[in-house]
Amino acid sequence: MKAVWKVIDSRLGISRLAYHVPEHGNTLPYVLGGMALGCFVILAVTGIFMAQFYNPSPDSAHQSIVYMVTKVPFGDFLRNLHYWTANFFILVLLLHLARVFISGSYKKPRELTWLTGLMLFALALGFFFTGTVLKQDQEAVEALTHNIGIGELMGGIGVWFTPGFSVGVSIVARVFFAHITILVFFFLAVLALHLYLIKLHGISPKPTIDAVSRSTAGEGKSYFTVHLKKLLGYSLPLFAFLGVLAILFPAPLGAPGVFGVETTKPPWPFLPFYGMEDIFGFPAIIWGPAILFILLALVPFIDRNPSLSPRRRKPMMVFGAVVLVALIGFGIEGYLYKTGMPEEGFSRPQPHGSFLEPISKIPPARVASDFLVSARRGEEGVARATQTKPQHSGTRKSPQPAWDMANFRTTCVDSSSEYETYTFVVAPWLCKNWLISRAEVFLRWVPVVPRAYAHGIPMITIRPDKLLPGGQLTINADGASETGIYAVSIEGESGTIMLGSATVAEGGDSFDASFTLPESTPPGNYVVKAAHESGNHTLYSLLKLSVVSPNAGAEEPSMDAKAMPLEKNTLTPIELTIIVATLALAVLGGAVLMRAKP
């Protein structure tokens, strides 16, 4: 055996890993980074398994996960393990960052080590976010809505995050590609640099009262091989604990999500950013995290004091405490915020029924825009909004209209001038500089010339949204900017199918029409389109029309959008026995490694 080991070592140089490291590097606070790396390995293995069964098509993504959980051997356990490991991956990284901050391990010469660590944490959040989007339940759809809004708000820089970047490839497929390739490439590249810098400068000194920052490479009474044993000794019980969580608490998976309505809250790592959005508006979801990471990146360049002891770095400890309290406060705000219709105020109302159905994949600019309404004091201005609001009296800065859900009209109650103009944004995507992920209404006072006018939202609404071939489809086109004849059709993967034509009369801006779907219409999802005869104006439906075969609904379960229908684990007794035995061996192995002598 020794001869075999000698041959292997002569080729691989494994014995060179037995270099000196400080003894305190074998304690739990100093192996958190390695434990996070172990979590990443588990995520990679379970992710590779799940990728074999995941279909990134928007119409099939959710169902492919259902199939994996209910039909594939070990599929539910491995997905649950992936879910819990991802949560602990973020948690362990946060603890690791906190230890580095408190012990001053970011100081010279480890500034770049700190910066690469921040980059790894940012990439880990990217993994978590993109993974949330992929399951395509309600939580995922709301995350994707924010993803699109961020891209639109960033303009040309963020075009990759929008559906309009690639017409032939869905945004869900591109998010999946980013999750399994782009983020992995950058993570491994930054990780390699991070590990090299740790090897170059060594583990930072223990932050005693007189300790100062310096390189410790090659110093210490312990060895890196002992460090690895301690790392595995701490990690294996953690991995066993994650396995127990995967058995007892399956990863939630709701019914297929619907756009334009908010019924869930984001995962816990994003609650502080959600709270920032609630307080400061949607743009805060970009500049809030940006400010946080910039401040953290500046820490080693602001704190130039070589001392490592927290007692001698009180200003930085206060700074860290303030940042932590602020993040916790924003997180509590995000957690306590009630989704749906608020009791008072004008932020994030519950959308009306038409926004409770799936929205088509048309680029936002083609289906969402603002419209202006002006009227004399006390008069009604036509406003086809989809919110219900209590009566409020306004001010010059923020005029508040009264809302009537029955006829979707608004009465201007502000009296600061003879004419007022309000800008209503009622679309679940992006209009100008705001993402309306919750069908919000924003109001703006603008003085105008004395002329009353109104423009509707350019869109098509459909009833019903699911039909059999030969069924009757009723559509309402609103916001038509040109009068005349409009050709009405449906577009899907199978091509374009003409339904007929409709006319907008002189002086009008809308039409209602009913059409019969051809019996030969293939099953699938379609966008309803009304194109003006001039070719200069086209309206699209916010909702997708789902054409189903006569027996399509027989095998489809009826699920509520807020339900968690797959919480019950589907492990067989044999699978459960194998998993429990593996977890027991992990705990035993961890105990043996912790007791092993150097």
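Please read every residue number as a count from 1 along the shown chain.
Every residue, even glycine, has its Cβ placed from backbone N, Cα and C.
Because TrEMBL annotations are produced automatically, they should be read as predictions rather than curated entries.
Annotated domain 'Cytochrome b/b6 N-terminal region profile' per TrEMBL: 4-207, in sequence order. The average pLDDT computed over the domain 'Cytochrome b/b6 N-terminal region profile' (4-207) stands at 91.
As annotated by TrEMBL, transmembrane segment applies to 30-54 (among others).
For the transmembrane segment (81-102), the list of distant contacts is 29-30, 32-33, 35-36, 39-40, 42-43, 46-47, 50, 114, 117-118, 120-121, 124-125, 127-128, 131, 204, 207, 238, 242-243, 245-246, 249, 251, 267-269, 299, 310, 316-317, 320: same-chain residues at least six beyond its ends, Cβ to Cβ under 8 Å. According to TrEMBL, the transmembrane segment annotation covers 81-102 (among others).
Among the features that TrEMBL reports, transmembrane segment is placed at 114-134 (among others). Within its own chain, the transmembrane segment (114-134) is flanked in space by residues 33, 43, 54, 56, 61, 86, 89-90, 93-94, 96-97, 100, 105-106, 140, 143-144, 147, 172, 175-176, 178-179, 183, 186-187, 190-191, 193-194, 197, 266-267, 269-270, 293, 296-297, 299-300, which lie at least six positions past its ends and keep a Cβ under 8 Å from the stretch.
Per TrEMBL, the feature transmembrane segment maps to 171-197 (among others).
If you look up TrEMBL, you'll see 231-259 (among others) marked as transmembrane segment.
As annotated by TrEMBL, transmembrane segment applies to 279-303 (among others). Long-range neighbours of the transmembrane segment (279-303) within the same chain, counting only residues 6 or more positions beyond its ends whose Cβ lies under 8 Å from a Cβ of the stretch, are 101, 104, 106-108, 110-111, 114-115, 118, 122, 146, 149-150, 153-154, 272-273, 313, 315-316, 323, 327, 330, 333, 433-435, 437.
With a threshold of 8 Å between CB atoms, the same-chain residues lying at least 6 positions outside the transmembrane segment (315-337) that come near it are 101-102, 265-266, 268, 270-279, 288, 292, 295-296, 299, 302-303. What TrEMBL records for 315-337 (among others) is transmembrane segment.
The region 'Disordered' annotation in TrEMBL covers 382-401.
The annotation compositional bias 'Polar residues' is assigned in TrEMBL to 385-398.
Cβ atoms under 8 Å from those of the transmembrane segment (576-594) belong to residues 74, 77, 229-230, 232-237, 239-240, 243-244, 247 of the same chain, restricted to positions at least 6 beyond its ends. The annotation transmembrane segment is assigned in TrEMBL to 576-594 (among others).
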